[in-house]
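> First the structure, which I've put down as structure tokens, then a few questions once you've had a look.
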Amino acid sequence: MAIASHAAVSSPLFSSPRLHRQLSCNDDARRVPTLKASPLLRNPNVPFLVLRHCRRGVGISCSATASESGGNQQKVKIRRSADENIREEAHRRDEASGSHGFSACYVPFNASADSTETYSLDDVVYRSRSGGLLDVRHDFAALKRFPGSYWRDLFDSRVGRTTWPYGSGVWSKKEFVLPEIDPDHIVSLFEGNSNLFWAERLGRDHLGGMPDLWVKHCGISHTGSFKDLGMTVLVSQVNRLRRAPLNRPIAGVGCASTGDTSAALSAYCAAARIPSIVFLPADRISLAQLVQPIANGATVLSIDTDFDGCMRLIREVTAELPIYLANSLNSLRLEGQKTAAIEILQQFDWEVPDWVIVPGGNLGNIYAFYKGFEMCRELGLVDRVPRLVCAQAANANPLYLHYKSGWSDFKPIVAADTFASAIQIGDPVSIDRAVFALQATNGIVEEATEEELMDAMSLADRTGMFACPHTGVALAALFKLREKGVIETKDRTIVVSTAHGLKFAQSKVDYHSKEISDMACRFSNPPVNVKANFGSVMDVLKEKLNVKVGL
Ligand SMILES: Cc1ncc(COP(=O)(O)O)c(C=O)c1O
Ligand SMILES: N[C@@H](CCOP(=O)(O)O)C(=O)O
């Protein structure tokens with residue numbers, strides 16, 4: 001093993017009992033200079049040698065605590081050679097580090113304390129024995145061997161790197177996501193690490209002066225929606241199952257979709273050379289969404305039904321054929337999606353916001369946010385969780401109706417058309433998860449009419465955003481909760497933007513052209529057709545800008 005003596009600065013950590021043993025009896029390692037011990041390294045609760053991963057091309061450094069290495073603080077680097085890529089480097093690093101002792105399995109969602117029903121993540125299983133949902137449960141006892149400050153430092157140190165796979169916002173939290181997966185099996189497009197947009201003007205000018213209003217841009221992502229966060233996890237696990245030594249006969253991965261899940265699935269499958277199959281409700285998704293799986297080589301079935309009909313069909317088909325189900329019924333997806341919540345905490349230097357507003361459709365994401373926040377609370381990274389708001393389109397509002405009934409009796413509905421087409425869902429798979437998340441966070445459900453969501457989206461655009469209609473639903477919920485005084489001006493509030501506005505350009509065109517019946521389109525800004533001469537152009541500009549020539 002080539003060892004060089006460079007100091008590592010602010011780089012990721014992982015523990016390595018095996019390498020610790022090797023270094024303890026390695027003279028080369030003992031000769032490296034002593035460096036100042038970090039509080040973490042001095043912490044007696046941290047039992048293992050700590051490896052610090054450095055940036056691509058810089059290598060890996062290793063440190064050992066004074067007590068563990070006979071009194072010497074040591075840091076060494078193992079350089080990545082020029083002919084090694086970042087995946088190979090990760091492989092070598094993992095070979096050296098051995099097992100870290102973290103693990104996860106499936107359990108029935110909200111299982112009773114005495115339930116013994118568990119499944120390996122290598123099992124292909126989507127439902128519990130009673131037919132209920134599953135959840136991924138992490139070994140909290142193992143994770144709790146490290147204090148919250150350890151996890152905060154570790155996650156912070158990985159942001160913005162190209163170290164495989166930690167450069168991804170999802171895999172930078174690998175220990176909280178899929179701790180046991182071999183980095184070599186991971187299919188990542190370095191997703192996550194999305195922008196937290198300070199909505200300064202919207203908060204100041206349109207919400208009565210809200211100085212702490214933010215939009216988490218999960219849609220500024222590889223395929224243009226938050227689905228990338230979950231899909232990297234699911235497709236990585238499928239990749240692991242298909243490859244040696246497991247060699248599972250999984251022929252492909254399939255989903256029903258309103259457009260975003262299918263885009264993410266097909267991109268990640270294409271990157272891993274895994275066949276993907278997508279069921280889309282015919283004529284109900286945007287052109288930009290439709291073209292994504294087509295371009296990525298998926299088998300695209302455009303089916304003459306709505307999303308709920310596609311969902312029923314994909315569940316029947318995956319029960320018969322060796323096609324792995326990629327919808328959020330599969331709890332693996334939520335493990336990736338929950339990292340957006342952890343990222344928000346991280347972006348506020350681990351301060352907890354007051355409110356997080358999430359648009360809801362199939363309702364996996366609201367639970368994923370809860371899970372991310374709650375995991376950080378339980379493991380001591382933060383001391384509380386924010387209040388969650390789930391925002392639905394009034395045309396597709398089964399959760400809202402359930403909430404208004406005092407959570408008494410859930411009834412699926414037939415969802416009507418909405419500009420927020422990706423959440424046109426009447427029978428959400430994760431209804432129980434959503435109710436759990438909202439009850440646990442003293443949460444609220446709001447709804448937005450078509451006019452409210454389009455106005456909210458368009459007004460936000462006028463302040464420099466380019467929101468999608470689903471983000472419009474969340475923004476409309478914010479406007480309503482501000483009007484009611486539920487959310488106060490001083491509250492730190494996050495609106496989750498779930499998709500890129502460019503995916504929904506047609507709805508914006510319709511709005512700005514005032515081509516929507518029964519809608520005033522208050523914030524429309526149609527283009528002005530002008531004759532090609534100087535005088536006509538000047539007339540328009542003088543009127544628009546209210547200026548006179550010469551001033
Ligand atoms: C853009 C967009 N926003 C919001 C949602 C709602 O997420 P969930 O189904 O997890 O509630 C979806 C998908 O359903 C979506 O595609
Ligand atoms: N909006 C989703 C609907 C399916 O949700 P999922 O999270 O269960 O995959 C989509 O884009 O297809």
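In case you wondered, yes, glycine gets a Cβ from its N, Cα and C as well.
Note: TrEMBL annotation is automatic and uncurated.
Checked TrEMBL, it gives:
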type	residues	note
COMPBIAS	65-75	compositional bias 'Polar residues'
REGION	65-99	region 'Disordered'
COMPBIAS	80-97	compositional bias 'Basic and acidic residues'
DOMAIN	187-498	domain 'Tryptophan synthase beta chain-like PALP'
MOD_RES	K227	N6-(pyridoxal phosphate)lysine
> Tell me the Cβ contacts of K227 (N6-(pyridoxal phosphate)lysine) under 8 Å, same chain only and six or more apart in sequence, or just say none.
D260, T261, A263, A264, L265
> With DSSP helix as H/G/I and strand as E/B, how many residues of the compositional bias 'Basic and acidic residues' (80-97) fall in helix, strand and coil?
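Counts, helix then strand then coil: 12 helix, 0 strand, 6 coil.
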> Can you work out the mean pLDDT of the predicted model over the domain 'Tryptophan synthase beta chain-like PALP' (187-498)?
98
